[in-house]
Each structure stands twice: as structure tokens, then as C-alpha cells.
Amino acid sequence: MQNSLDLKPISHVNGTVCLPGSKSISNRVLLLSSIAKGTTCLTNLLNSHDTQHMLNALKKLGVRYNLSDDKKTCHVQGIGGPFHLSEAISLYLGNAGTAIRPLLSVLSLHKNNILLNGDDRMHERPIGDLVDALIQGGAVIEYKKNKGYPPICTKGGFLGGSIFLNGNISSQFLTSLLISTPLALKDTTIFIKGNLVSKPYIDITLNLIKIFGVNIEHDSYNVFYIKGKQQYKTPGKYTIEGDASSASYFLAAAAIKGGSIKVTGVGKKSIQGDIEFANILEKMGATIFWEDYSITCTRNKLNAIDLDMNHIPDAAMTVAILALFSKGTTIIRNIYNWRVKETDRLSAMTIELRKIGAIVEEGRDFLSISPPIFFQYSSIETYNDHRMAMCFSLISLSGVGVNILNPNCISKTFPSYFKDFLSISKI
């Protein structure tokens with residue numbers, strides 16, 4: 001395993017990047033295909049650690065699938081309803097929040113004895129609000145170490161009914177319930193307490209659920225109404241669009257040191273909220289050209305921005321790097337949920353930005369960033385967080401280069417990232 005990657009100063013970027021499949025969509029449709037009636041052909045599936053954890057779990061749960069040699073096409077034979085297991089099993093899910101959270105709800109629909117486990121960071125990522133919601137619907141769930149955190153064991157028992165869910169920690173909790181509750185024995189009404197974070201990710205979930213034949217109504221994201229005793233049905237074939245969060249690094253590179261870069265796989269017809277990043281780039285001064293399935297960014301003078309980025313927390317990290325190349329002070333607001341991601345991203349970003357000379361103020365839920373007078377060559381700690389590694393690769397566009405520690409952490413979502421990044425770069 002590579003301990004570090006030294007990126008030399010890059011003078012210019014230009015070209016086209018074909019994006020890997022979206023992580024958020026890949027793991028959602030793998031699960032939906034598994035519990036739907038019929039066989040689903042998934043194309044442009046993301047090949048990464050997180051999707052592999054989901055595939056491994058589904059196999060242990062009895063799902064039959066055929067994965068192509070390049071791991072981008074998967075034929076999934078749906079079981080037509082909840083998982084029924086006659087014996088106790090344990091599922092290891094690494095640090096894949098997009099796997100453990102939706103699986104917990106689906107596995108709580110039927111009498112089971114299933115342990116959901118993960119790596120050390122997973123044991124620090126909160127899941128208590130989701131567990132509380134499931135218990136309200138009749139589920140029996142036990143914490144195996146610390147209350148509110150994995151590992152956890154579900155015994156089943158979820159029936160539906162009226163559920164109150166905190167919405168201010170992670171949208172994945174609501175996604176988990178939205179996927180499972182159509183299969184519950186009773187109708188379910190989900191009342192959201194507080195402000196719902198990352199609403200575009202809920203839109204992804206609702207869109208995909210509809211593609212699999214189920215429609216869910218809601219009242220301005222405050223109350224969700226789900227009919228029980230439904231069945232998901234295969235759409236036959238589904239092509240996973242490119243990962244919009246991953247697109248942000250290449251679009252940002254063009255804004256800083258283009259040339260122009262075209263990313264394919266996302267565009268005007270994308271269902272992912274993170275395509276909003278391109279609009280933010282345009283507000284900062286870059287030139288953006290949209291097509292149905294591609295976005296092109298061309299360099300222009302960049303100016304600071306002050307914006308609430310709660311709706312695009314992953315792509316907002318890339319804005320923190322753009323701030324270093326922009327005139328003025330950039331403020332990224334309402335991003336408390338950075339603290340419960342793969343690492344505490346607010347703290348990690350502050351520490352690493354200061355290393356390279358930026359002036360940073362870290363608040364409870366915001367970052368204020370002013371560009372450095374001079375960029376300093378630094379070794380960047382990635383905290384085993386794929387997005388830290390990819391974000392800070394852009395420092396190589398500053399003229400001083402950068403050393404990325406533990407670069408292999410990108411395997412969580414984008415194993416070929418550095419290869420693709422260097423392919424559009426000129427030293």
C-alpha cells in the first residue's frame with residue numbers, strides 16, 4: 001500500500017473525464033434491485049470499497065447476482081420483498097454509511113438476528129436517531145458496544161405507524177426509512193423534527209424508489225406518507241449516472257488552471273444535487289457550459305463566495321479549496337454534518353488548510369477561509385477520508401505541489417482518481 005503520493009506542480013489542465021458511477025445511487029439501486037420483484041441489469045455501477053461492502057452483504061443475505069469482470073455491470077435477481085433468514089449472521093460494512101444505514105431498516109422488517117458491524121470510524125458515526133425511529137415502529141435493536149453507534153444487532157419487528165425522526169444529522173437516516181417502509185405491514189407517516197439536512201439526497205432516494213414502482217408523497221419535506229404492503233418491481237435496466245461529487249474536483253481544476261475540462265456522466269438531466277457545484281463555480285466567476293449528460297468548465301478569475309451549503313455537503317469541501325484561489329474571504333455555512341462524515345471534516349479541513357498557509361476560522365457549523373499570501377508545500381493528512389485526498393490534490397495547481405498521505409483511501413469511492421486527474425494535467 002502506498003504511504004504517500006507526491007504531486008508535482010501542475011501548470012495547466014485540459015481535457016475530458018468520464019466519471020465513475022455515483023456512490024449514492026449505486027448502493028441505493030443495489031439494495032432496491034435486491035428487494036424488488038424480477039431481475040435488474042445495473043450498468044455503470046461504481047467499483048469501490050463502499051459498493052463492494054454492499055455487494056458482500058447482499059450475497060450473505062442470499063441475493064444472487066452476476067457481476068461483470070470490470071465490476072461495472074451487475075445483474076441482480078430480486079427476492080421480491082424483505083430478507084428472510086433462518087440463522088444469525090454478521091455483516092461487515094467497513095465505513096460505508098450508504099450500506100449500513102439502509103440495510104438496518106430493511107433487515108428490521110422481518111424476524112432476523114443480524115449483526116451490523118464496521119471499522120473503527122464506523123463505530124464513531126452516529127446511528128441512534130435511525131435506531132430510535134425504527135424502535136418507534138416496533139423494531140427490536142440492540143447496541144453491542146456504545147449506545148447510539150454501531151455495532152448493532154437487529155432482531156426485526158418493524159411494522160410501520162407514526163414515526164418521529166431527527167432530520168439534522170444525516171439524510172441517510174430518512175433514506176433508510178423511505179426504502180424500507182413501503183414493505184412494512186402498516187402504513188407509515190414520518191414526521192421530521194428540526195431542519196432536514198442534504199435534501200437533494202432525499203430527492204435521489206424518492207426518484208429511485210419511483211423508478212422501482214413506488215410513489216411516496218411528502219409535505220414540504222416535513223412529513224412523509226408511505227403506504228405499506230407494497231412491492232418494488234424491477235425497471236429491467238438502469239444506468240447509474242456519474243458521481244457528481246467526484247465531478248467537482250475536475251471542474252474546480254479547470255476553474256483554477258484551465259483550459260477547459262468536460263466531465264461526462266452528469267449534466268442537466270442529473271438527479272444528484274451536487275451538480276449545483278457547477279452553478280457555484282459560475283457564481284465565483286468560472287465559465288460553465290451545460291449539456292444533458294455533461295458539464296464543461298473554463299477558467300476565469302475567481303472571487304470569494306458566502307453561501308449556505310447544507311444541501312451539497314460533499315461538493316462544499318471542494319469550495320473550501322477553491323477559496324484558496326479566489327479573491328476575498330469565502331464562508332461556507334450550515335455544514336455541521338461535516339462532523340459526522342468519514343472524519344470530522346470541519347476540524348480536518350481547518351488543520352490541513354492552515355498547513356498550506358490559509359487563514360481559517362472554524363465555527364460549529366461553518367468555515368471562513370482567506371487565501372494564503374504564499375502557498376507552502378505540505379504533507380496533507382487525509383484521515384482515511386477519500387474526499388480529503390481528492391480535494392487537496394488540487395493544491396498541486398498552486399505552483400508548489402503537495403504530498404498526499406495515505407492516497408489509497410480514495411478506493412472508498414474513486415479508485416482511479418489520481419490516474420484520471422493526472423491524465424488531464426500538464427506538469
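Cβ atoms here come from the backbone N, Cα and C positions, even for glycine.
If you draw a 10 Å sphere around the CB of Asp314 (active site, proton acceptor), it holds 27 other CB atoms from the protein chains shown. Secondary structure at Asp314 (active site, proton acceptor), as computed by DSSP, is helix. Summarising the annotation, Swiss-Prot assigns active site, proton acceptor to Asp314 and lists sequence analysis as the type of evidence.
Taken from Swiss-Prot, the feature 3-phosphoshikimate binding site applies to Lys23, Ser24, Arg28, Ser170, Ser171, Gln172, Ser198, Asp314, Asn337, Lys341. The 10 Å shell around the Cβ of Ser198 (3-phosphoshikimate binding site) contains 22 further Cβ atoms across the protein chains shown.
Here Swiss-Prot flags Lys23, Gly97, Arg125, Gln172, Arg345, Arg387, Lys412 as phosphoenolpyruvate binding site. In sequence order, Gly97, Thr98, Arg101, Pro102, Leu130, Tyr201 are the residues of the chain that are 6 or more apart from Gln172 (phosphoenolpyruvate binding site) and have a CB within less than 8 Å of its CB.
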Which of Ser171, Asn337, all binding-site residues, has a Cβ with the fewest other Cβ atoms inside 10 Å: Asn337
Other CB atoms, at most 10 A from the CB of Lys412 (phosphoenolpyruvate binding site): 23
Cα-Cα distance linking Asp314 (active site, proton acceptor) and Arg125 (phosphoenolpyruvate binding site), given in Å to the nearest integer: 16
Closest of Lys23, Ser198, Asp314 to Arg387 (phosphoenolpyruvate binding site), Cα positions, recorded positions only: Asp314
Neighbour tally for Lys23 (3-phosphoshikimate binding site), based on other Cβ positions within 10 Å of its Cβ: 25
Whole-number Å value of the largest CA-CA distance among Lys23, Ser24, Arg28, Ser170, Ser171, Gln172, Ser198, Asp314, Asn337, Lys341, listed as 3-phosphoshikimate-binding: 21
